[in-house]
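Annotated topological domain 'Cytoplasmic' per TrEMBL: B:1-8, in sequence order. Annotated topological domain 'Extracellular' per TrEMBL: B:30-143, in sequence order. TrEMBL lists B:124, B:128 with the feature heme binding site.
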C-alpha cells in the first residue's frame, strides 16, 4: 500500500515537473501572462509531491517494511531508530530521491523569493529548473526506484553499512546536495538569460545570493565529509584526492570563481559572458560529480554499486543540460556583450585573475580525475596519484595567496597600482617576520610548508590591517569578505602544519608497554570486549602522558557488525587546541595480547576545518548587504508597479 | 601602436606565458605521478615499470598470509589464478583484508620475485571490488 503511494507520488511529480518545464516557457514564447503565471504555483506543488514521496520512504524505514527492496537492503530489525531514518538516504536510490527533494525545495524557494524578477524572467528560470527536476525525477523512477518491492518478503533486512551509522554521514549528503542543487539556480538564470538574449545587473545581483548560499552549503558539506573520513575511515587523513572527493571539490572551485566574478558583474556591465559561462560550468560539474559517484566508472575507495545503465542515464542528462546550455551560449553569448571597459589598475582586474586561477585549478583537478577513464578507453589501466593533485594545487595556490591582499586593497573602477603595493609593504614585512618566527620554533619545515605558512600570514596580516584602516563603517559585504579571507589564511597555515608536521606511526604494542611518539608517552594496557546495540567490539586502552602527567586515556575500538559480517575500526581521538592525538587499533598480532596500534599526531587539524567554516560564514554575512537590499527593494517596487500598470 | 593595442598585447603575452608555465608544470607532475595497474600474470611476464611504483591487483591467495614474528611485517601472495606474485608489507592491513578476497597493493618490485607494498587497499565493503580486480578475474575465468 504505502510503497504504491510513494510510487504514485513520484509519477505525479514527473508530470508536474514536465508541466513546469513546458507551460511557463510556452507562455514566454507566446507572451501569455496566464501561462507564465502557472510557474510559481506549479513549483510549490512539485515540492509538496516530491517531499511527500520522500516522507513515505522514511516512514517505510521507520516501520521496517522489508517488502521494499531498498529497505530490506539497507535496514534491519536491530538497527537503531535514528539510523533507520538516515538509512533513507544512505544508499543510491534514496540518496537520489533526496537530491530531487532538495531540488524541489530549492525550486519552491526560488518561486517564493523572487519578487524582484519580472514575470517573464522568473517563468524562464523556473522552467529551466523544472527541466532539471524532470530529468532527475525520471532518473529516480526509471533507473533507481527506491519503492521497488520484492516477494517473498524477507524476515529481516541486510542492515545499513556500518560506516554510514554515524552523525557525520547523516549530515554530509544533504548539505552537499543543497550545495550542488543550489548552483542550479545560477545555471537556470544563465540559460534563461541566454534564451531571452538579455541580462542585467539586477538579475545577476538576485542570483548572487543563491550562489552564496549554495557555496556555503557546499563548503559545509565538504568540511563534514573531510571530518567524517578523518575519524571514521580509520586512516587519519583529511583529504585523499579520491575521485569521489574531487567530485564535490570541482563544483566548489568553479563556484568560488563564480562568486568572485559575480561581485564585478552585479556592479557594472562587465564580464557578463564569463559570469554566465562560469555558472554553466559550475552546475555541469555538479552533474558530472553525481555521475562519477554513481556510475562506479572510476576506481575509488568509496563503495558504490556500479551500474552501467545509471551511469549512462546521468551522462545523457549531462549531455542535455550542459550540452544544451553550452550550445545556447555559443549562439547567444555575443548578445550579452559587456559594454563597460575595465581599467587594468582596478579591483575588477584582480577578481578576473582570481577566477582564472580557480578555473585553472578546476581543470587540473578535472584532468587528473578523468584521465584514468580516458586511458581505460584505449585499454591501459592507470591511476593518478595524490602527489599530482598536491603539487598542482600548491603551484596554483601561490599566485592566489599573493594577489588576494592586492585585490582587496585596490579600489573599484580605477586605482593606483603602485600606491596599493606600497600600502601592502608593512603586511609583507609583518608576514615575513611571523614566518621566520614560526620557522625558528618548528624547524625543520620543508619549502611547501614554509610557502603555505608565509601565504597564510600574508593574507592574514593584510586582511586584518585593511580592516582597521578602512574608512567609515564596515558594510556587510566588507565584513563578509574579510571573514572569508581570514578563513583562507587560517586554512593555509593549519593545512601546512597538518600536512608537513604530522607524525604517523604503526607500532606493535604488548600490554603494559610504553612507547614514545612525538614527545608523548603511550601506554597500552590491553583490550577488552564490549557489546552495543548492533555490534560487538574489542576496545583497547591507551594512556597518553606528557612528562609523566596523564593527559587522557583513549579507547579505540575494533568493531564487528554480525549482520553484515563486517569489521570496522573506530579511532579514538584526543582533541587539543593545537593538535589531535589519534589512536586506532590494527589487529591482534599474537596470543599474548599484542596489537598493531596506529598512532597519529595531527597538529592544527581542527583549525583547518575552522578556516573552512570562516569562509562559509563570510559568504553568509555577505547576504546581509544593505546596498544589495536597497537595490533589491527598489527593483521589487519597480516590478510591482509594472504589473499594476499591466492589469 | 595605440595604447589600447599595446595593453592588449601585454595582457595576451602574459596569459600565453602563464598557460605555458602551467602546462609545463602540469605535464611534469602528471608524468611523475601516473601509476600503471598490473595483474600478477603481467608481472610474472616481466611486464611492469622498472624503478617506479605501480598498482598490483588480484586476490590474496588462500593460505599464503604469513606474519613475521613480533613485527608488523606480513607476506602474502597475490594471484589472478594464472600467476602469483609475493608481496611484502609492513604496517596495518585494512579491515577487509582477507585471504581469498580482492586487494590492490601500491608499491614496486624489489627484485624479480618480490613486490614491496607501501600501501594496501582492500575492498571497501562486502559488495564492492576494485573494478580492476574484477576485470582481472573475469579474463582469467574465461579460458
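A Cβ is built for glycine as well, from the same backbone N, Cα and C atoms used for every other residue.
What you are looking at is a predicted structure, and each value in this text was computed from that prediction instead of being measured.
Sequence-distant contacts of the topological domain 'Cytoplasmic' (B:1-8) (same chain, six or more residues past either end, CB-CB distance under 8 Å): none. Taken as a whole, the topological domain 'Extracellular' (B:30-143) shows an average pLDDT of 82 in this prediction. DSSP assignment over the topological domain 'Extracellular' (B:30-143) gives 20 helix, 45 strand, 49 coil.
Residues in the topological domain 'Cytoplasmic' (B:1-8) partition by DSSP class (helix H, G, I; strand E, B; coil) as 6 helix, 0 strand, 2 coil.
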